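*Asks:* Dumping what TrEMBL says about this protein:
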- 84-101: transmembrane segment (TRANSMEM)
- 365-387: transmembrane segment (TRANSMEM)
- 430-454: transmembrane segment (TRANSMEM)
- 466-486: transmembrane segment (TRANSMEM)
- 507-527: transmembrane segment (TRANSMEM)
- 539-563: transmembrane segment (TRANSMEM)
- 589-615: transmembrane segment (TRANSMEM)
- 621-644: transmembrane segment (TRANSMEM)
- 656-680: transmembrane segment (TRANSMEM)
- 700-726: transmembrane segment (TRANSMEM)
Amino acid sequence: MTFLFTQFNRHFTHFFLQDHRRNTDFVVYNSSSIVNISHTKPCSKQTNKQTTHYSSFNSIIIHKTHHKGFSDLAKMKVFEKFKIWVLLICLISQLGYGYYLPGSYPHKYVVGDTLSVKVNSLTSIETEIPYSYYSLPLCKPQEGVKDSAENLGELLMGDRIENSPYKFKMHTNETEIFLCQTKPLSSDEFKLLTSRIDEMYQVNVILDNLPAIRYTKKDNFLVRWTGYPLGVKIQDTYYVFNHLKFTVLVHKYEETNVASVMGAGDAAETIPTVDKPGADIPGYIVVGFEVTPCSFQHNAESLKDLKMYGKYPSKISCETSTVTMGIKENQPVAFTYEVEFVESDIKWPSRWDAYLKMEGAKVHWFSILNSLMVITFLAGIVLVIFLRTVRRDLTHYEELDKEAQAQMNEELSGWKLVVSDVFRVPDHPALLCVMVGDGVQILGMAVVTILFAALGFMSPASRGTLLTGMLFFYMILGVAAGYVAVRMWRTIFIGDHKGWVSVCWKVACFFPGIAFLILFVLNFLLWGSHSTGAIPFSLFVILILLWFCISVPLTLVGGYFGAKAPHIEYPVRTNQIPREIPPQKYPSWLLVLGAGTLPFGTLFIELFFIMSSIWMGRVYYVFGFLFIVLILLVVVCAEVSLVLTYMHLCVEDYKWWWKSFFASGSVALYIFLYSINYLVFDLKSLSGPVSATLYLGYSLFMVLAIMLATGTVGFLSSFWFVHYLFSSVKLD
């Protein structure tokens, strides 16, 4: 929230006071103080009036008052309420865009300071398998290759950030800098390098936490890319980009210290700021990082006796339209670079804007809003019809006397006849409780994570924080999973708490166990490919320790509270002999599977952008809209499950437990079919069975989580509805 408060303070520090009456005192509410500005002119007849003017400049509110008895405490209370409302308005206005917080405090560099460039894993949309930068015959730093500190999310995403030989000096332009010349390429190195070029691998370099961005022209449009290609193949000849032109955008460092003014009554005191060491030295902050790759044939004679960071004697012209450095076996490759510093008007909070500008943004907003309106309209119609039908049945049934009710029970069919069977123990009750508990845990994790991301606490500037946050919230919400599962278990068996420990263990191991199985199989494929996407064995051990040392105990704690909590009492009794279900005109499971189309309608447009972010390397940042779509999905899943449960009860089918779960959970089937469609038509270039297996494996993992979350919403809403419906009818 630092950036938001900074902007808020800045807006409220500068203000204009305009008044046509000279006999008025102004009380200006500032973010850091309350300043009382008094006029010495005599009062007129309008001194007792109190008016409020709303300034159009930066939403400043100026209260004009002559109430001298206005105490400091009252002033502070009004100011705090006012400040909260302004902040809420700011949050609501920014929620749709999912504004971000700068990943770290801006780093001030003095002219001449050393800037170190880091390298990340090589990535490709052709294979989706990342590799280490130094797995290829490229230049290495003099001090040796060192790994940067990475969080858990970065390691799980396959990021391997390491130091590089590229070094700059702040605000010092340099050209023709010689980096190194590799040894003559062996046959294996040549084959590896050419295969990576064929697979369109990109080199990802980072400066001051900013990935290098590359601009190319296509049909008179500028296209943005992160990273640069390793090389290119033209007419059976492979060319490598061995000269890089870096452009570093810098902005003058602005000291944020502002003198605070505290006022009480007519007196004001200025508090001097504390001078920081080196604050008076002019410095710069990095606000942009661009790269232009070139292929240049160096002169072999000029490279002799050149050491790293020496100056290449001839001028290097970086022409992006021509390539000259072809690679061959048993021939070395020389690497050079140049750097240019450009002062920019871009400020620190806006330096990620270039990365967050997604192509087709207008289509994105329009499609999401259109989907939201259509689905909301359809869900509203279903809900209105449904409520009118149930309310009519209840009203008609309760208006009859006891004899008429008894006669009605004998003559009428429908949900009223399954009153003695509607709460009969379902098939596989333990599995149902386990899946509902895991669904609560996954849904809670999704809601909390997306909300935090929409508020800017998990921005793209902080790599891996989104995945790390998901793991953290998932473990913490094990308490909710254990509580819901055990309480549902006790409700199904009418208060019997035997076996609740077993249910807790199953909840703690069901979904994580399947996830570990899928990840372990996929990890074998990545290990065999020597990819950085493979989870190290040490990280596997850490994940297992987090699972059994944090998640499992928290689930048991939640189950303990669920066992102590009173179970939900059924409003009706259940007969010992089950009622025979009449034959149905159509298969009920067919209706259950078809019910997932409506929830899928709320997702499929947003799903395209999410899939593009995961598999196409695009930055996804509109978490505000994703949060809205998630809330709408929950509402639609609940409504669809309610309608299908009511329809099954009306045809005297009292086995609604599992059907209500899969009525909304069947949306996962359509998401999996959509992922296959995305693989065939959007990831056509995905090459190799390993890449396709990885894609389908991760898609299966995602679909399983969605099925548990949406199925839980449908089941809990149907359980509430059935309990409410039969508790509203007076039956003997």
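Just so you know, glycine gets a Cβ as well, placed from its N, Cα and C.
Would you situate these features in the structure and describe their surroundings?
*Replies:* Same-chain residues lying 6+ beyond the ends of the transmembrane segment (507-527) with a Cβ under 8 Å from its Cβ atoms: 129, 433-435, 437-438, 441-442, 478, 481-482, 485, 533-535, 540, 543-544, 547, 551-552, 555-556, 559, 690, 693-694, 697-698, 700-701, 704-705, 708.
If one looks beyond the transmembrane segment (539-563) by at least 6 residues along the same chain, the residues whose Cβ comes under 8 Å of a Cβ in the stretch are 152, 155-156, 471, 474-476, 478-487, 489-490, 497, 500-501, 503-505, 507-509, 512, 516, 520, 523.
For the transmembrane segment (656-680), the residues of the chain that approach it from at least six positions outside its boundaries are 422, 426-427, 432, 435-436, 588-589, 592-597, 599-600, 603-604, 607-608, 611, 615, 637-638, 640-641, 644-645, 648-649, 686, 692, 695-696, 699-700, 702-704, 706-708, 710-715, 717-719, 722, judged by C-beta separation under 8 angstroms.
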*Asks:* Counting only residues 6 or more past its boundaries, what in the same chain has a CB within less than 8 Å of a CB in the transmembrane segment (700-726)?
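*Replies:* The answer is 390, 394, 415, 419, 422-423, 432, 435-436, 438-440, 442-443, 446, 511, 514-515, 518-519, 568, 570-572, 599, 633-634, 637-642, 645-646, 649, 656-657, 660-669, 671-672, 675.
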*Asks:* Cβ under 8 Å to the transmembrane segment (430-454), counting only same-chain residues 6 or more beyond its ends: which ones?
*Replies:* 95, 98, 466, 469-470, 473-474, 477-478, 480-482, 484-486, 488-489, 492, 499, 502-503, 506-507, 510-511, 623-624, 626-627, 630, 634, 657-658, 661, 705, 708-713, 715-716
*Asks:* Near the transmembrane segment (466-486), which residues from the same chain, at least 6 beyond its ends, have a CB less than 8 A from one of its CBs?
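*Replies:* Here the qualifying positions are 151-153, 156-157, 433-434, 436-438, 440-442, 444-445, 448-449, 452-453, 457-458, 497, 500, 503-504, 507-508, 546, 550-552, 554-563, 565.
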